[in-house]
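Here's the structure we're looking at; comments come further down.
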């Protein structure tokens, strides 16, 4: 009876939540019924966690779809999409599960809805193993908008591990189609800026220490640029729980944005948090690509949906990116090629990801 369902093996490659996010978003967009087996089979806690389940539920709600197997710990789901509609939708992980990962699964879908959407996403805003909300606003947003759409992201409340409690409201209008992007010229770094934050019971001194340590670390490699990393204490009425972290962004003459970030945790020295973020940033600058390793995989689904040829120059291809490409090709007619970039210094590990997009047209507009 399930002859026409697309079968997805959730245990291969990256083997995590990303397979679910890419395949359910594309299933919703393309109207393809889906079965995903062996969900997160290699993880210490296999199957769906609260954050993955919330992501599936918001996609189901966005398109009046049917979801079977949607419970915590489930290692197999079937999903039958309906028609994507706009309006207000709420997804709540009820944990510190990342709101940014909820945004990753929902955003491609609402771009092709019938009317504008408002997504209320609740959970962790600055969580381990996921982009921080500051990254989403400072790096992801300006770059992904080059596909020719815009969205508004309002951080109502920040929420930290373990209880979450953050809320972000995303507003966006649908588009007819997405334009391809060409991000192949890095240019030179023109400024470096960021924010080091503390919230809850932590003193502002920790933010200042993170910022100072990060600046010292970057100064060893980049001497002539002004570096502006603001230490901030999040207002108590806009943050739930106690948390700290830092994000540092480098902007280039061609408008590229690359970042490094790190989160504080109990027993971790604040200098170490700052240095960790600075080292990640320097590593992302070293390869000569136009995007950092956190953005690489997030662009894949948009490249697959866009009309025409997109090209992005990156550093070493991450497993997340290989996974996103694999499932985007399995589900859409998009074709990807990854080639070593020749014009660089041969010692640089630089690649060009090229995609002939499927040219998704919004049937509702």
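Note that Cβ sites are derived from N, Cα and C of the backbone, with glycine treated the same way.
Taken from TrEMBL, the feature active site, tele-AMP-histidine intermediate applies to 320. Annotated ATP binding site per TrEMBL: 104, in sequence order. Among the features that TrEMBL reports, domain 'RNA 3'-terminal phosphate cyclase' is placed at 13-338. Annotation source TrEMBL lists domain 'RNA 3'-terminal phosphate cyclase insert' at 184-286.
Listed in sequence order, 21, 25, 55, 298 are the same-chain residues six or more apart from residue 104 (ATP binding site) with CB atoms under 8 A from its CB. Within 10 Å of the C-beta atom of the residue listed as 'active site, tele-AMP-histidine intermediate' sit 20 other C-beta atoms, taking all shown protein chains into account.
Each residue of the domain 'RNA 3'-terminal phosphate cyclase insert' (184-286) gets a DSSP state, and the totals for helix, strand and coil are 38 helix, 37 strand, 28 coil.
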